Structures are given as C-alpha cells and as structure tokens.
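Worksheet: one structure, shown below.
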Amino acid sequence: MLEGLGSPASPRAAASTSVVGSSGPAACPPPSPSAPRSPESPVPRRGGVRASVPQKLAETLSSQYGLIVFVAGLLLLLAWAVHAAGVGKSDLLCFLTALMLLQLLWMLWYVGRSSAHRRLFRLKDTHAGAGWLRGSITLFAFITIILGGLKIGYFIGFSECLSATEGVFPVTHAVHTLLQVYFLWGHAKDIIQSFKTLERFGVIHSVFTNLLLWANGVLNESKHQLNEHKERLITLGFGNITTVLDDHTPQCNCTPPTLCTAISHGIYYLYPFNIEYQILASTMLYVLWKNIGRKVDSHQHQKMQFKSDGVTVGAVLGLTALAATIAVVVVYLIHIGRSKTKSESALIMFYLYAITLLMLMGAAGLAGIRIYRIEEKSLDESKNPARKLDSDLLVGTASGSWLISWGSILAILCAKDHPRYTWYNLPYSILVMVEKYIQNLFIIESIHREPEKLSEDIRTLRVVTVCNGKPLASSCLKSGGVAEDVAPQGRDLPPAAKGNVCMREGCGKEEEKQEESSWGGSPSPVRLPRFLQGNAKRKVLRNIAAFLFLCNISLWIPPAFGCRPEYDNGLEEIVFGFEPWIIVVNLAMPFSIFYRMHAAASLFEVYCNI
C-alpha cells in the first residue's frame with residue numbers, strides 16, 4: 001500500500017478497496033448483499049426503467065410530426081414543379097413562410113427562457129457545434145441574405161405580375177436566417193434537460209423546415225440548370241430528345257430590363273451557397289434534437305488546434321488543384337454549347353482533369369489508411385450523435401454520385417454509338433466511386449482515432465489502479481523500483497482519479513510487454529517506419545488531410561456552378577431516355593454536391609485533430 005494517502009473514511013470505502021493478484025486485473029467489487037446500504041447509494045426501482053418510456057415516446061411522436069410536415073412540403077414542391085392544376089408558387093411560398101414563422105416563435109421563446117436562466121449550469125456536448133462549423137454556416141448565411149436581397153429586387157422589378165408572397169418570402173427568410181445563426185452560435189451545444197417534450201417538437205420542426213427550404217433551393221436551381229442543359233443539347237445535335245423549356249419568367253416587363261436580367265442571373269449563382277447553408281443548419285439542429293435528455297459521459301472532447309506548420313507540400317498541391325479547377329470551369333462554361341466540336345473538346349478536357357485529380361486523391365487516401373493500419377492504434381468507440389451523423393452523411397451522400405456513375409457506366413456499355421469523349425467518361429465514372437470509397441474509410445477512421453499523446457498522469461494509471469481515490473499496489477509491478485517511481489505521483493493524482501472512478505489496466509502477458517515498451521523495455525512488435533515516427537507521421541497525415549480538403553473544395557465548384565458533364569454529354573439520355581435520366585441526375589446531384597462540402601468539413605476537423 002502506498003503511503004501518505006490515509007485510511008478509508010468509511011466501512012463502505014474500505015470494502016471497495018482490494019489488492020489484485022497476479023492472476024487477474026484490478027477491479028472494484030460491489031458491496032455484499034448483507035452489508036448495510038449507504039444513504040447516498042441509489043435504491044434500484046422499477047420506475048427507473050419506466051422513466052425513459054415518456055422520453056422515447058416523445059422522440060417518436062416528434063419525429064413522426066417532422067416527417068408529416070416534410071412529406072406535405074415535398075408534395076407541394078412536386079405539384080408546383082409539374083404544374084399541377086390549382087397549385088401555384090404562391091401556395092408553396094405561403095406554406096414555407098408559415099413554417100419559418102412558427103420556427104421563429106419557438107426560437108424566440110427558447111432564447112428568452114435561456115436568458116432568464118443564464119446563471120444555471122447547463123450541460124454541453126463538446127463534440128457538437130464546432131467553431132469552424134459555426135463559422136462556415138455564418139459565411140453561407142451571409143450569402144443567403146444577399147440572395148434574399150436580390151430576390152426582393154427581382155420582386156420589385158416584376159411587381160406588376162407577381163403575388164405578394166414572392167415579396168414576403170425573401171424578407172421572412174432573411175429574418176429567419178439571422179435569428180437561426182444567432183441561435184446556433186449560442187445553443188448548438190446545449191443538452192436540453194427541461195421542457196423536453198416541447199423542445200423535441202420545436203427542434204424537429206426546425207430541422208424539417210430547413211430541409212424543405214433546402215429542397216426548394218435545389219428545385220429552383222435544378223430548373224435553371226435543366227433549361228441551360230436543353231439549350232446545349234440542341235447545339236450538340238441531340239435536339240430530338242429535348243422537350244419544351246420550363247420557363248417561369250413573369251409575363252410582364254421589368255424596369256429597368258438590364259438590372260432585372262443581371263439580378264435573375266445572379267440569383268442562380270448564389271443558390272449553391274444557400275443550399276449548403278440550409279443543409280448545414282438542419283444537421284446542426286438534428287444533433288441538438290438527438291442530445292435532448294441525453295446523459296453525457298465524463299469523456300471530454302479535445303479542443304481542436306489549427307497548426308499550419310509542416311504542410312507546405314499538401315497546401316501547394318491542393319492550391320494548384322484549386323487553381324486548375326477554376327481554369328477548367330471557366331473554359332468549360334465558355335466552350336460548352338458553342339458548337340459540337342468545342343463541346344466535345346470541353347468534355348474531354350474536364351474528364352482528363354478529373355481523372356488526374358481523382359487518382360491523386362485516391363493515392364493520398366490509401367497512404368493515410370496504410371499509416372493507420374501499420375500503427376494498429378485502438379479506436380474511440382464512445383457514442384456521440386455528432387460523430388455518428390458525420391459518418392452516416394459521408395456514406396449516405398456518396399451514394400448519389402455512385403448512382404450517377406453506375407448509370408454512366410451502363411450507358412457506355414450499352415450504347416451503339418460511342419463518341420470520342422465516351423472512353424474518358426468510363427474511367428472517370430469508375431474513379432468517382434473508388435475515390436469516395438477510399439476517402440470515406442480515411443475520414444471515418446481518422447475521426448474515431450484516440451488522442452495521440454497521453455499525459456504523465458494517465459500513464460501512471462496504467463500501473464496503479466485507482467478506486468474511489470485509493471491507489472492500489474498491483475502485482476504486475478515488476479520491481480520495487482517501479483513502485484517507488486510511481487508512489488510520489490500518487491499524492492498528485494489526476495482529477496479523474498479523485499472521484500468515484502475506477503480505472504484499471506489488465507496485467508496479462510500482452511499488457512506486460514506493452515508496459516515494458518512504454519517504460520524502456522523491449523520494443524513493440526509493430527512499429528512505423530523510421531521516417532514516419534514521431535512528428536514526421538503527424539506531418540505526413542496533415543499534408544494528406546490538407547491536400548484532400550482543398551481537392552474536395554475543388555470538386556465542389558464544378559457541379560455547383562453549372563459544370564455537369566452528366567447533363568451535357570447526351571449519351572445517357574439516349575440509352576435511358578431523356579426524362580428518366582434527368583430525374584436520376586436531379587435527385588442524385590444535390591447529394592453529390594453536398595458530399596464534397598461535408599467531406600471538406602470533416603477533413604478540416606481531421607487536420608486539426610492530428
């Protein structure tokens with residue numbers, strides 16, 4: 001027994017202290033049934049199990065309410081898209097405005113109640129609402145407000161033939177955006193423990209309101225892209241598969257005409273940022289909903305630190321890819337649709353650029369995974385809604401581009417005529433699937449890695465078992481010399497060892513070998529190569545993360561701003577039919593675009609945690 005720590009303060013504390021032999025690990029045995037129960041110890045009750053039933057019921061009811069609202073909104077969107085009789089754009093905008101006003105009322109109530117009780121201690125989820133995420137959503141929200149200003153100008157120009165709802169909607173959306181960003185900055189980390197049933201309905205209403213606003217933005221942007229796509233197909237010689245343009249231009253003159261034209265074109269260039277804002281807001285609100293009534297474990301998330309040293313190679317390669325992307329997009333948009341020869345040249349240029357970039361990204365991802373595999377470090381399997389949502393979104397949104405890629409591959413294999421650019425489309429479609437598969441593995445493994453360094457206090461707990469603040473001599477100590485080295489540290493144990501925490505480490509043969517390695521004994525059988533040890537390994541991983549981060553931003557730009565070869569090559573429309581393929585692309589493309597932005601955000605977190 002180590003000296004200087006005193007004797008147990010109560011019979012219960014003495015009963016919970018035991019010395020572990022060499023045959024097994026240390027543990028904290030529960031008190032015997034015959035022992036009197038301490039007044040502080042909780043008495044098991046059947047009501048403890050039943051207490052979770054109302055919470056689960058409220059979660060189920062609120063989720064069903066949200067789905068009902070979402071389905072109703074999707075039906076209105078579909079009815080307006082297909083020009084259903086009796087359903088106009090004003091009906092859709094009235095529904096969305098009512099949803100936003102209801103969310104505004106709930107957010108004002110929540111913020112007011114939180115301000116009235118601001119002195120009370122509130123539980124926080126340290127994984128949720130990261131600073132870089134709130135910064136990103138603020139940037140996208142600022143551009144969304146600019147988009148709302150352009151829509152107000154558009155309404156003023158065409159006020160003679162537009163309904164009042166088209167003027168009320170952008171104003172309401174701007175106010176909704178401002179208050180929602182303020183709400184997310186202050187309360188995204190909250191773990192709500194009061195008014196839980198009401199809050200569940202309020203938060204899930206906010207989630208699906210943002211999803212419907214996202215779907216509305218996607219539909220408007222897709223209609224604009226579809227009209228441009230039909231015009232380009234005529235130039236490429238596929239006029240027999242096109243249909244009438246879906247034009248929603250108001251049937252009246254705008255004054256001044258030049259300004260109205262500039263506003264109408266500018267609106268569609270800002271839609272990608274609005275779409276990203278809405279989906280990011282809905283994901284942050286979903287994490288808040290999952291955290292309602294949650295019990296937080298004692299594990300605290302490490303604070304991310306951005307370090308720019310030692311990433312010159314990754315940053316230079318990534319910035320080069322970003323500059324090349326901007327150049328390719330500009331040339332593509334200038335040449336596509338001008339003539340058949342220029343359009344085919346633009347398609348070949350894009351495919352060559354994308355094939356090269358995807359191969360480099362796949363190689364970087366494989367290198368990162370290989371480093372992790374050699375290290376064989378354990379993963380952090382603690383449950384957390386924010387981290388689980390990140391993994392699910394990576395896999396779920398990647399399926400959008402996988403669907404498009406498989407469609408392109410089948411079209412190439414089944415087509416009778418194969419233009420020259422077709423043979424570049426085949427490796428491009430295969431690499432899109434392979435690269436996202438590799439990148440998902442790298443990101444998911446990275447965000448589940450345990451911290452790199454252990455402090456000296458934690459290293460002490462490998463040898464000394466602490467139970468209720470009492471260090472116990474373990475039989476796996478090799479000699480008295482080790483015990484003497486550890487004994488002085490027992491007086492200044494880490495905070496985790498001072499409460500009712502029982503931490504132990506097994507003393508089997510394998511763990512003895514690991515301890516020998518950490519205390520200067522024999523080396524571990526699995527070691528990284530000499531050039532990847534220490535800080536060198538972290539620098540390599542940071543360069544990989546920085547390069548992939550910039551490459552994902554690069555690959556987000558082309559589809560977000562109209563560079564979509566899936567639309568423009570015309571081969572898939574011939575094989576599958578025009579409308580079926582357009583439906584597939586319009587459903588899958590938003591997920592593919594969001595994947596790149598979400599992957600970039602996840603890679604930024606990976607970079608900061610390495």
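All residue numbers here begin at 1 and follow the chain in the order shown.
Every residue gets a Cβ built from N, Cα and C, even glycine.
Residues annotated as region 'Disordered' in TrEMBL: 1-51.
Taken from TrEMBL, the feature compositional bias 'Low complexity' covers 7-26.
For 27-42, the entry in TrEMBL reads compositional bias 'Pro residues'.
Below 8 angstroms of C-beta separation, residues 92, 95-96, 99, 201, 204-205, 207-209, 211-212, 215-216, 219, 223 of the same chain, each at least six residues beyond the ends of the transmembrane segment (65-86), sit close to that stretch. Marked as transmembrane segment by TrEMBL: 65-86 (among others).
Marked as transmembrane segment by TrEMBL: 92-111 (among others).
Residues annotated as transmembrane segment in TrEMBL: 132-156 (among others). A Cβ distance under 8 Å defines the sequence-distant neighbours of the transmembrane segment (132-156), meaning residues of its chain 6+ beyond its ends; these are 162, 166-167, 169-171, 173-174, 177-178, 180-181, 184-185, 188, 259-260, 263-264, 266-267, 270-271, 273-274, 276-277, 280-281, 284, 304, 601, 604-605, 608.
If you look up TrEMBL, you'll see 168-185 (among others) marked as transmembrane segment.
Annotation comment: TrEMBL describes 268-289 (among others) as transmembrane segment.
Summarising the annotation, TrEMBL assigns transmembrane segment to 310-334 (among others).
Positions annotated as transmembrane segment by TrEMBL: 346-372 (among others). Same-chain residues lying 6 or more positions outside the transmembrane segment (346-372) and placing a CB less than 8 Å from one of its CB atoms are 317, 321, 324-325, 328, 331-332, 335-336, 420-421, 424-425, 427-428, 431-432, 434-435, 438-439, 441-442, 445-446, 449, 528, 532, 537, 540-541, 544-545, 547-548, 551, 554-555, 558, 563, 565, 568-569.
Taken from TrEMBL, the feature transmembrane segment covers 393-413 (among others).
According to TrEMBL, the transmembrane segment annotation covers 540-562 (among others).
For the transmembrane segment (574-595), the list of distant contacts is 218, 222, 226, 229, 238, 241-243, 272, 275-276, 279, 393-394, 396-401, 403-404, 407, 410-411, 414-415, 436, 556, 559-560, 564, 566-567: same-chain residues at least six beyond its ends, Cβ to Cβ under 8 Å. Annotation source TrEMBL lists transmembrane segment at 574-595 (among others).
Same-chain neighbours of the transmembrane segment (268-289): 62, 125, 128-129, 133, 136-137, 140-141, 143-144, 146-147, 150, 177, 180, 184, 187-188, 190, 192, 200, 203-204, 206-208, 210-211, 213-214, 217-218, 220-221, 224, 385-386, 389, 393, 560-561, 590, 593-594, 597, counting only residues six or more beyond its ends whose CB sits under 8 Å from a CB of the stretch.
Long-range neighbours of the transmembrane segment (540-562) within the same chain, counting only residues 6 or more positions beyond its ends whose Cβ lies under 8 Å from a Cβ of the stretch, are 225, 228, 269, 272, 307, 310-311, 313-315, 317-319, 321-322, 324-326, 328-329, 332-333, 350, 354, 357, 360-361, 364-365, 367-368, 371, 439, 442, 446, 532, 589, 592-593, 596-597, 599-600, 603-604, 606-607, 610. Counting only same-chain residues 6+ beyond the ends of the transmembrane segment (92-111), those with a CB under 8 A from a CB of the stretch are 69, 72-73, 76-77, 79-80, 165-166, 168-169, 172-173, 175-176, 179-180, 182-183, 186-187, 199, 202, 205-206, 209, 212-213, 216.
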